[in-house]
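Database features, via Swiss-Prot:
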type     : residues : note
MOD_RES  : ALA2     : N-acetylalanine
MOD_RES  : SER13    : phosphoserine
MOD_RES  : SER18    : phosphoserine
MOD_RES  : SER29    : phosphoserine
MOD_RES  : SER498   : phosphoserine
MOD_RES  : SER499   : phosphoserine
TOPO_DOM : 2-41     : topological domain 'Cytoplasmic'
TOPO_DOM : 283-287  : topological domain 'Cytoplasmic'
TOPO_DOM : 342-350  : topological domain 'Cytoplasmic'
TOPO_DOM : 434-439  : topological domain 'Cytoplasmic'
TOPO_DOM : 483-526  : topological domain 'Cytoplasmic'
TRANSMEM : 42-86    : transmembrane segment
TRANSMEM : 195-212  : transmembrane segment
TRANSMEM : 224-243  : transmembrane segment
TRANSMEM : 246-260  : transmembrane segment
TRANSMEM : 266-282  : transmembrane segment
TRANSMEM : 288-313  : transmembrane segment
TRANSMEM : 322-341  : transmembrane segment
TRANSMEM : 351-371  : transmembrane segment
TRANSMEM : 411-433  : transmembrane segment
TRANSMEM : 440-456  : transmembrane segment
TRANSMEM : 461-482  : transmembrane segment
TRANSMEM : 527-552  : transmembrane segment
Amino acid sequence: MAEPSAPESKHKSSLNSSPWSGLMALGNSRHGHHGPGAQCAHKAAGGAAPPKPAPAGLSGGLSQPAGWQSLLSFTILFLAWLAGFSSRLFAVIRFESIIHEFDPWFNYRSTHHLASHGFYEFLNWFDERAWYPLGRIVGGTVYPGLMITAGLIHWILNTLNITVHIRDVCVFLAPTFSGLTSISTFLLTRELWNQGAGLLAACFIAIVPGYISRSVAGSFDNEGIAIFALQFTYYLWVKSVKTGSVFWTMCCCLSYFYMVSAWGGYVFIINLIPLHVFVLLLMQRYSKRVYIAYSTFYIVGLILSMQIPFVGFQPIRTSEHMAAAGVFALLQAYAFLQYLRDRLTKQEFQTLFFLGVSLAAGAVFLSVIYLTYTGYIAPWSGRFYSLWDTGYAKIHIPIIASVSEHQPTTWVSFFFDLHILVCTFPAGLWFCIKNINDERVFVALYAISAVYFAGVMVRLMLTLTPVVCMLSAIAFSNVFEHYLGDDMKRENPPVEDSSDEDDKRNQGNLYDKAGKVRKHATEQEKTEEGLGPNIKSIVTMLMLMLLMMFAVHCTWVTSNAYSSPSVVLASYNHDGTRNILDDFREAYFWLRQNTDEHARVMSWWDYGYQIAGMANRTTLVDNNTWNNSHIALVGKAMSSNETAAYKIMRTLDVDYVLVIFGGVIGYSGDDINKFLWMVRIAEGEHPKDIRESDYFTPQGEFRVDKAGSPTLLNCLMYKMSYYRFGEMQLDFRTPPGFDRTRNAEIGNKDIKFKHLEEAFTSEHWLVRIYKVKAPDNRETLDHKPRVTNIFPKQKYLSKKTTKRKRGYIKNKLVFKKGKKISKKTV
């Protein structure tokens, strides 16, 4: 097989100006133009001189291969954007324009507040409907990039007299940004390899399920715009390293600033870019371009990132950012030593080098230890520390482990979200390592680190998806380039690599790159003579079939797995008809219409954002999870018996309690299945009152039937979920009180409340709301009233028994008998 041409190589001159020749040259072209080097190479090969350029104009531009390539590239990118946007609209078509999941409801509520009251009111907004009685300062506790982006688009549309509701802007924001993600991925892959690979990468990321899962219409979450910012920042960084231009580096800093404002995953960037620079230093690939790019990026990016209120001084005071500072100091020391090496003798330089490195390393090490010990540098947060120690969160911080997105990724998830790209991704990585240069070192580090983090946490599959699309596109591009453009390669001799030209242009100012070994023409001919047209056709058809299966899989997964809003459920009958289960919105609307405006609703933290967003009522805890002790108090109330829970609810001024119960319809995401996490979180703060072992049977089982633990059968969560459920018989094959989710008959059917009363139960019993009774004006006496018997039955007592059991009067006064005074005494 012939060596793949390097992506930096200039575009080879084609033999004719037909559209097919332009299409074939697309895989080898980066910028779609013919330079003088290509023409000279063509003449050196003995070919005819290239045709003269056609007259200016549209027809003249399209008559050139570059014109056809530009048109073809634009068309493919437009179709990729259109396909990605269309495939994300299944939820809107099947249901309606609605916000999905949990976190997007808070983002939508914040964006609505921003659009209604302005930016400064948003920054100073104190949300009194969250975390009662504490409240929440929203402006300083969110990444505002998502809200500002949606609010800016809404303002522009209204300025142009295009009346659009802010909800529709939020719903369609992520599908729109998916097209920008495709373009940024195209630009990055083109810088890494060539234009053909970039177009394939753009098509892959437009429809891949790993990215669609967080960017469907209605998923108004930070990741919807953050992946675009991530890819665009990486593209500008690669551009900065290749050119050494301050302009591109400043653009990279601005893109990084937008990324910091949009998502907490910016920590991945501020650790991956320093890792890239550090590895380049280890590989002795230091250059002035790297020095200019990283020094400018770190200083300007650091200052810009600190302008986000939620980030503040974290870039200089947290352990997650210390690697970037260390690499910056190392780069300055390396550059200083490079400066001294040209002005000192070899012996003096070696002495100074070892002495300086020892002192600098010791000073940095002692400084880090001192600053960490004194608390100036904060240690790793629990969420980041759990990336290195996967069992840490489950033992020490159960609230982090309770989130499904923080669970380790299964092998099935990789194939489900990436399909055939999982298999072709290592091939693309091998091609990059085989033809290594500065930017390919970056993509190799990106791939390796993303694979590790995606394996540790399901949520980080999102960071793996872009690099898998890029490397898989490189692999497919090489295969198509070899099996479709073989003849043209043989007629066009290889030209010089642009990296070599860059070295010549800088006249030795840069390091000496290790160039790749090119095959001789005779060796290429021997290799390619064995490839007949049949083999080329078979391989090409196989590749096209794989791509077709990939497209079908992506569409099916998007339609069936990632296009269902969690607030509206759908089920299908045997005849194919669909049933809509709208219990969540039904219950939230009931709360909005039938409760006091200032009513306080207690529920588990999963539903806090939805209650505040749809019901507009005050909640005790929500999905922000910033106060673990407050969440543990709610978990303790749910895990305790009714009397103990009532005291907690009165302390927190709770008016209503909301629980999710799926025993009727078989909904597995209800509160009974989440109950053990409530117990674990409560046990972490109240170990004397709540113990997880009390909720298991002696055999260690968690059961809701008669064999279940008495503590479980009498706790508040169990009673609220199964109240009046023992009277319901779902079908003739199961007894009354049969739980379809856990496939068991409940153990406590005679449930009665003393301090609560049922206020609302949705149509399918999915949402149940209870009202907390006010305390009685006069406490009832627990003891029985005294009963008097007028005619008591007298029992015969013998004298012996009476003497033996003689009673006595407690504290009886003792009178001392006086003596008569005699005459003698006087």
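Please read every residue number as a count from 1 along the shown chain.
Backbone N, Cα and C define each Cβ position, glycine as well.
Because the structure is a prediction, the values reported are computed rather than measured.
Contact check: the transmembrane segment (411-433) against the transmembrane segment (322-341) gives fewer than three Cβ pairs closer than 8 Å, residues 6 or more apart, which falls short of the contact criterion.
Residues 1-2, 4-5, 27-28, 181, 185, 188-189, 192-194, 196-201, 204-205, 208, 210-211, 213-214, 223, 227, 230-231, 265, 268, 409, 413-414, 417-418, 420-422, 424-429, 431-432, 443, 446-447, 450-451, 453-454, 539-540, 543, 547 of the same chain lie 6+ residues outside the transmembrane segment (461-482) yet bring a C-beta within less than 8 angstroms of a C-beta in it. Looking at the topological domain 'Cytoplasmic' (483-526) alone, the prediction's average pLDDT is 47. Only residues 6 or more beyond the boundaries of the transmembrane segment (322-341), in the same chain, are considered here, and those with a CB under 8 A from a CB of the stretch are 270-271, 273-275, 277-278, 281, 286, 290-291, 294-295, 298, 302, 315-316, 349, 352-353, 356-357, 360, 364, 368, 377. Taking pairs at least six residues apart, the transmembrane segment (288-313) and the transmembrane segment (195-212) share fewer than three Cβ pairs below 8 Å and do not count as touching. A Cβ distance under 8 Å defines the sequence-distant neighbours of the transmembrane segment (266-282), meaning residues of its chain 6+ beyond its ends; these are 230, 233-234, 237, 241, 256, 259-260, 290, 294, 297-298, 301, 305, 315, 320-321, 323-324, 326-328, 330-331, 334, 384, 438, 441-442, 445-446, 449, 453, 463. Residue counts for the topological domain 'Cytoplasmic' (283-287) under DSSP, helix first, then strand, then coil, are 0 helix, 0 strand, 5 coil. DSSP states for the topological domain 'Cytoplasmic' (434-439), grouped as helix (H, G, I), strand (E, B) and coil, give 3 helix, 0 strand, 3 coil. Counting only same-chain residues 6+ beyond the ends of the topological domain 'Cytoplasmic' (342-350), none has a CB under 8 A from a CB of the stretch. Helix, strand and coil counts under DSSP for the topological domain 'Cytoplasmic' (342-350) come to 5 helix, 0 strand, 4 coil.
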